[in-house]
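I have placed the structure first, in the form of structure tokens, so that the comments after it can refer back to it.
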Amino acid sequence: MGIQGLAKLIADVAPSAIRENDIKSYFGRKVAIDASMSIYQFLIAVRQGGDVLQNEEGETTSHLMGMFYRTIRMMENGIKPVYVFDGKPPQLKSGELAKRSERRAEAEKQLQQAQAAGAEQEVEKFTKRLVKVTKQHNDECKHLLSLMGIPYLDAPSEAEASCAALVKAGKVYAAATEDMDCLTFGSPVLMRHLTASEAKKLPIQEFHLSRILQELGLNQEQFVDLCILLGSDYCESIRGIGPKRAVDLIQKHKSIEEIVRRLDPSKYPVPENWLHKEAHQLFLKPEVLDPESVELKWSEPNEEELVKFMCGEKQFSEERIRSGVKRLSKSRQGSTQGRLDDFFKVTGSLSSAKRKEPEPKGSTKKKAKTGAAGKFKRGK
């Protein structure tokens, strides 16, 4: 779920924090991608006649086709992706996971009714609601990525929290996910729609946390409390407090504790055994991988092993897979050129980005840095 209504709220009250870019704008950028979110998108979108793709044994293959071709598209545009997979969900998420199970059970009933009535559109709608990323999906995608020469990481807990940690450490430029709580975990830059279907023609949305905080007049701890009031995966919110009211309350009272102290409990009853303090702590200090221990390497694809896996086991067209491998290899040759701003130490924020740093002599001959370009947030 992420944070309820956060994207719309930012668009309404801090529109300058959002920038829309074409995928070509990210040439030379390293990006940490929420793998489970991407796989879920592939299972929903990569279909034939409303059904997921399958091989002759009835095994789902939509996730593999999506991962293969979307990753190639990113590489062809000079993006260096690293996929981050979910680990064990935090205990605080158990309530949300239980609700999801209930919704799945209800969708199963509605699907059976739609099938009995022969309502094709309803069948497709409820079938998609039953989509769930499994361990097998994850394992197969990891195997595919290793054969493609694309790095992946296993997060100890929530993938988006580890993606945020990688951005904060300068290992990558941005975190790519549809879950807005990546900002709540402190990612300086969030990208949405990066792995969306090309046919949808959605521009990539880039959210800048520093500008969000600046426009709202909040610090990170206050922003976390705002997100908890909006509704997160880790605890309930106060019924009756909408996005606009939540912003006003946080701006005025600065913390959930002070808001609760001043609220009329008859109008805005606080949830029983409310775990907002625990959720607050989880967002500020999540369990994440150690960015300093991470070494990201992109290597040549293993064409024969890819053909063996994708064609021999999963029954994709050999001609298409070999063609994809050639595109991937060619893209690696083109992406070795670094971004210009990787050659300089650039500081500043969105508001100060117009100031130019003096160009050091011979700087164009220096080796490009591994990480993202300091605090400079332009996706050029």
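Here the Cβ of each residue, glycine as well, is placed from N, Cα and C on the backbone.
For the recorded site, Arg19 (symmetric dimethylarginine), the DSSP three-state label reads strand. The symmetric dimethylarginine annotation in Swiss-Prot covers Arg19 (among others) and is backed by similarity to another entry.
Taken from Swiss-Prot, the feature DNA binding site applies to Arg47, Arg70, Glu158, Gly231, Asp233. Cβ neighbours within 10 Å of Gly231 (DNA binding site), excluding its own Cβ and spanning all shown chains: 20.
Marked as N6-acetyllysine by Swiss-Prot on the basis of similarity to another entry: Lys80 (among others). Residue environment of Lys80 (N6-acetyllysine) contains 20 other Cβ atoms, counted within 10 Å of its Cβ in all protein chains.
The average pLDDT for the region 'I-domain' (122-253) in the predicted structure is 91. As annotated by Swiss-Prot, region 'I-domain' applies to 122-253.
According to Swiss-Prot, the feature Mg(2+) 2 binding site maps to Asp179, Asp181, Asp233, an assignment based on sequence analysis. Asp179 (Mg(2+) 2 binding site) is surrounded by 23 other CB atoms, counting those within 10 A of its CB over all protein chains shown.
In the three-state DSSP scheme, Ser187 (phosphoserine) is classed as coil. Among the features that Swiss-Prot reports, phosphoserine is placed at Ser187 (among others), with the record citing similarity to another entry.
Residues or ranges marked as symmetric dimethylarginine by Swiss-Prot: Arg192 (among others). Classification of Arg192 (symmetric dimethylarginine) by DSSP places it within a strand. The number of other Cβ atoms within 10 Å of the Cβ belonging to Arg192 (symmetric dimethylarginine), over all protein chains shown, comes to 21.
The annotation phosphoserine is assigned in Swiss-Prot to Ser197 (among others) on the grounds of similarity to another entry.
Cβ neighbours of Ser293 (phosphoserine) (same chain, under 8 Å, six or more residues apart in sequence): none. Taken residue by residue with DSSP, Ser293 (phosphoserine) is part of a helix. Look at Swiss-Prot and you will find Ser293 (among others) tagged as phosphoserine.
Taken from Swiss-Prot, the feature phosphoserine covers Ser335 (among others).
Residues or ranges marked as phosphothreonine in Swiss-Prot: Thr336 (among others).
Among the features that Swiss-Prot reports, region 'Interaction with PCNA' is placed at 336-344.
Feature annotation from Swiss-Prot assigns N6-acetyllysine to Lys354 (among others).
As annotated by Swiss-Prot, compositional bias 'Basic residues' applies to 363-380.
Marked as phosphothreonine by Swiss-Prot: Thr364 (among others).
Among the features that Swiss-Prot reports, N6-acetyllysine is placed at Lys377 (among others).
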Residues near Arg70 (DNA binding site) in space but at least six apart in sequence (CB under 8 A): Ser38, Phe42, Thr195
Arg192 (symmetric dimethylarginine) as reference: those recorded positions from Lys80, Glu158, Asp179, Asp181, Asp233 with C-alpha within 10 Å of it: Asp179
Glu158, Asp181, Asp233 as binding-site residues, winner by CB count within 10 A: Glu158
Other CB atoms, at most 10 A from the CB of Ser187 (phosphoserine): 27
